[in-house]
Amino acid sequence: MGNMDGKAVEELSATECHQWYKKFMTECPSGQLTLYEFKQFFGLKNLSPSANKYVEQMFETFDFNKDGYIDFMEYVAALSLVLKGKVDQKLRWYFKLYDVDGNGCIDRGELLNIIKAIRAINRCNEAMTAEEFTNMVFDKIDINGDGELSLEEFMEGVQKDEVLLDILTRSLDLTHIVKLIQNDGKNPHAPEEAEEAAQ
């Protein structure tokens, strides 16, 4: 991960770091979070297949050294990126998250599946359907019309479009995860709400 570790940690307050470390070590005494523990950590249970695939993809993007675990530094770097990262850093991460097959481009199917999964987990109440949102993204930023978004098209297109940037940012809002950490793992949502979100 290189410089990302130090930079991420420096941007956090001592209190935040302490809360995150306490939560991490309480839930994961080994210091290495597996995919299963990752799901438990954030209260992600009974997920639909598409939501489960999204969580796996998120885990893989947070596992910076690709060893199959998220250690504390990866955890801090990931949360810092998502919560405090600059727009271009977040957009690069979103792109990596959406590019499920890792081919360097996002196609309509990848974006649609991820948006559906995110909405299932976050219970987003957007007026636009996932299909309408996907079509809007491609209509606005697929410059060459090839049905795929390159990193450049994605970065430039989203940064130029405030509406698109706002919707993407809200869809990946992880404040519920921060509340979970601050509440020492006590989920602020009732269990029946979590089950509803999984369907």
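From the backbone N, Cα and C atoms, a Cβ is placed for every residue, glycine too.
Per Swiss-Prot, the features are:
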LIPID     GLY2  N-myristoyl glycine
MOD_RES   ASN3  deamidated asparagine
DOMAIN    13-48  domain 'EF-hand 1'
DOMAIN    50-85  domain 'EF-hand 2'
BINDING   ASP63, ASN65, ASP67, TYR69, GLU74  Ca(2+) 1 binding site
DOMAIN    86-121  domain 'EF-hand 3'
DOMAIN    129-164  domain 'EF-hand 4'
Report summary line: Listed in sequence order, the residues of the same chain lying six or more positions from TYR69 (Ca(2+) 1 binding site) whose CB sits under 8 Å from its CB are GLN32, LEU33, THR34, ASP63
**Report entry** Per DSSP, three-state class assigned to GLU74 (Ca(2+) 1 binding site)
**Finding:** helix
Query - Greatest C-beta neighbour count within 10 angstroms, which of the binding-site residues ASP63, ASP67, GLU74 - result: GLU74
Query raised in the report: Taking a Cβ cut-off under 8 Å, which residues six or more beyond the ends of the domain 'EF-hand 3' (86-121) line up next to it in the same chain?
Result: 44, 47-48, 50-51, 53-55, 57-58, 61, 130-131, 133-134, 137-138, 147-151, 154-155, 158-159, 165, 168-169, 171-172, 197-199
**Report entry** Within the domain 'EF-hand 2' (50-85), residues counted as helix, strand or coil by DSSP
**Finding:** 26 helix, 2 strand, 8 coil
Report summary line: Using DSSP three-state counts, the residues of the domain 'EF-hand 4' (129-164) come to 25 helix, 3 strand, 8 coil
Report task. Please spell out the DSSP helix, strand and coil residue counts for the domain 'EF-hand 1' (13-48). Result -> 21 helix, 2 strand, 13 coil
Query - For the domain 'EF-hand 3' (86-121), the number of residues DSSP places in helix, strand and coil - result: 26 helix, 3 strand, 7 coil
Report summary line: Cβ density check for ASN65 (Ca(2+) 1 binding site), other Cβ within 10 Å (all protein chains) comes to 11
Report summary line: Apart from the site residues ASP63, ASN65, ASP67, TYR69, GLU74, the 8 Å Cβ neighbourhood of the Ca(2+) 1 centroid comprises GLN32, PHE62, PHE64, LYS66, GLY68, ILE70, ASP71
